[in-house]
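Heads up: the structure comes next, in structure tokens.
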Amino acid sequence: MKFTFCLTVLAGTFFSAHSSVQKDDPSPYLVYLKSHFNPCVGVLIKSNWVLAPAHCYLPNLKVMLGNLRIRIRDGTEQTINPIQIIRYWNHSHTAPQDDLMLIRLAKPAILNEKVQPIALATSTVKPGTICMLSGLDWSQNNNGRHPDLRQNLEAPVMSDTACQETEQGKSHRNSICVKFLKVFSRIFGELAVATVICKNKLQGIEVGHFMGGDVGIYTNVQKYVSWIESTTKDK
């Protein structure tokens, strides 16, 4: 199955998987949530815990870490089953708010240069800050269902006021918005910009069906740090 992409975004530096130079960007905290349904991206926050959007709660879920390249193996590849999945207590399928879940791995991930947890943001980032949007993409020769590249781009964070004035931002609370400088339109485009990383900390994680035009809406992770820490403590 071949996915066809339409990419028309310019927001700082983007290392497109369809450019002449393909490379795997350094984002060792990203994990691929593999299932028989739509692809999803999660973030390793501890060696045995992954933070992900709650809408990624799918049957037969497997957590893939390390190298994702199909034809190139380097020994960092890991596939771990979830042993426990905890959705945020207030999450609802009928509303986009609180779209978070925690995945407890059956065993701790083996940390290496391509598998590393990332710290959580504990404060709100200032509007105008240039942050990195980190996600997964398909390489040019990948005709399969699953992404095989980590890709990064840069984009500025919007103010809360500007966010609430957008069509998407009106219906989201506890959110952070970023500005795509040109329209971003592609199949499974949310995978390529799945997380917001500011000052080397996880600031945002994508909300289901969050993109429209030139704005991306993300769950503001720092609003949920207390829940995350209490849930994962000593486990």
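Note that Cβ sites are derived from N, Cα and C of the backbone, with glycine treated the same way.
The signal peptide annotation in Swiss-Prot covers 1-19, and the record cites sequence analysis as its basis.
Under the heading domain 'Peptidase S1', Swiss-Prot lists 20-233.
Residue density at CYS40 (disulfide bond): 24 other Cβ atoms are found within 10 A of its Cβ, drawing on all protein chains shown. According to Swiss-Prot, the feature disulfide bond maps to CYS40-CYS56 (among others).
Within the same chain, residues at least 6 positions away in sequence whose Cβ sits under 8 Å from that of CYS198 (disulfide bond) are ALA121, VAL125, THR129, CYS131, MET132, VAL157. What Swiss-Prot lists as disulfide bond is CYS131-CYS198 (among others).
The feature disulfide bond is assigned by Swiss-Prot to CYS163-CYS177 (among others). Here the Cβ of CYS163 (disulfide bond) has 21 other Cβ atoms within 10 Å, regardless of which shown protein chain they belong to.
For the pair formed by CYS40 (disulfide bond) and CYS163 (disulfide bond), distance between Cα atoms is given as 24 Å, rounded to the nearest Å. Mean pLDDT of the predicted structure over the domain 'Peptidase S1' (20-233): 87. All chains included, 27 other C-beta atoms sit within 10 angstroms of the C-beta of CYS177 (disulfide bond). In sequence order, LEU33, CYS40, VAL41, GLY42, MET101 make up the list of same-chain residues 6 or more apart from CYS56 (disulfide bond) whose Cβ falls under 8 Å from its Cβ.
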